[in-house]
Every structure is written in C-alpha cells, then in structure tokens.
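Colleague: There's a structure below that I have some questions on.
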Amino acid sequence: MKKIVLATGNQGKVREMADLLADFGFDVVAQSEFNVSEVAETGTTFIENAIIKARHAAKETGLAAIADDSGLEVDFLQGAPGIYSARYAGEKASDQENLEKLLTAMEGVPEAQRTARFHCVLVLMRHENDPTPIVCHGKWEGRILTQAHGDNGFGYDPIFFVPEDNCASAELEPVRKKQLSHRGKALKQLFATLREQPLV
C-alpha cells in the first residue's frame, strides 16, 4: 500500500480518511506519527491554508500529503467566522465557546437572514513542490438556528440547520451526515479525481 500523510492532529479525521482511502490502496498515516511541527495558517482563504498544511506535511515527511481546511460562512456576518471558525472566540477557544459567540452575534436576526454554509477544501500534494495539487471543494447550505440541538458531530453542528432533513446537523446519523456534508462532497470529488488520475 502507498503511504500518504494526513496533515491533521484530529484522530477522528484520520480514522475516517483511512477507511475511505484504503479502497484506493492508500495507507493513511497521521502527521503526528512523524512528529511534524505545527505550521502557521497564514492564508486568507480555505484553499491557501489547506495548501500550506499539505505542503508542510509533504516537506517534513517526504510523502504525498492530504490536508483539509474547513469552516462556516454566515451571510449576515459578511462571511464570518470563515477561516477563523475553529478560533472564532479566541486562539484556544472550545467548540462550545465558538458556538456561543456565534449565537450571540446572531441574536435577534430574522430567519430569512440566517443563511450560512459550511466549506471544506481538500488538497492532495504528491510532493512538497507539486505544481498542480489536487484541490477539491465541498459546500453545504443551511442556516443558523437560535439554539443548539442534538449530540452528534462537533463544532457548529448543533446550530446548523439542514433543510433537506429539517433538523440540526448534530441530529443527523453519521452515515447521513457524510452524504450531505461539505467534507463528504469534497471527498467524493477527490475519489473521482483519483479514479481518473491515480497517484503513481
């Protein structure tokens, strides 16, 4: 199997990607197994940050690398929290603190103006200097609820309303969430690309 490094410290993401990429003959290894140092996400877009993370992991391990950058874009807040979704309430903020800050920012905003979407950009770099990395973008439309619902998922899932299923993202079963979510859509694109252009 061909080793590929996943540029994340999130073990949940590592397990999910390992299962999905095994079908393509990949052995997914977390960057933590190589003691890859943290890299500053200095980009101003999801794409830039995903490329920064993938390039850094490829450089430090000598392997092909996959990175994702994702976040929530709220129209009423001119796109915030955006690339700062994980640290919206501060550098070391918890999911709960980020969620509460967003609910406060959206207090009193009418339902019609609560539109939002999750974005996920996945980047696969064959090596550190790959001039044409594979870039896949998934988007999930919904709106911001006025209070949290459900216990599944993480991040902003409890306050993200999913019109297709008339519930919060945190109320979806994991299999259903994968079908609808921004990350699920980006992964589908990645797999379609890998079928057409297998990594050698």
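Cβ from N, Cα, C; glycine included.
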Colleague: Where Swiss-Prot shows Thr8, Gly9, Asn10, Gln11, Gly12, Lys13, Phe154, Gly155, Tyr156, Asp157, Lys177, His182, Arg183 binding substrate, which of Ser70, Ser94 is named for the same site?
Modeller: Ser70
Colleague: Out of Gly12, Gly155, give me whichever of these binding-site residues has the highest number of other Cβ atoms within 10 Å.
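Modeller: Within the set of binding-site residues, the most crowded position is Gly155.
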Colleague: Using a 10 Å radius around its CB, how many other CB atoms surround Ser70 (substrate binding site)?
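Modeller: Excluding its own Cβ, the number within 10 Å is 23.
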Colleague: Reduced to three states, what secondary structure does DSSP give Ser70 (substrate binding site)?
Modeller: strand
Colleague: Report, in whole Å, the straight Cα-to-Cα distance of Asp69 (active site, proton acceptor) from Asp157 (substrate binding site).
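Modeller: That comes out at 16 Å between the alpha carbons.
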Colleague: Taking 10 A as the limit, how many CB atoms besides its own sit near the CB of Asn10 (substrate binding site)?
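Modeller: Here the count is 14.
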Colleague: Helix, strand or coil by DSSP: which one applies to His182 (substrate binding site)?
Modeller: helix
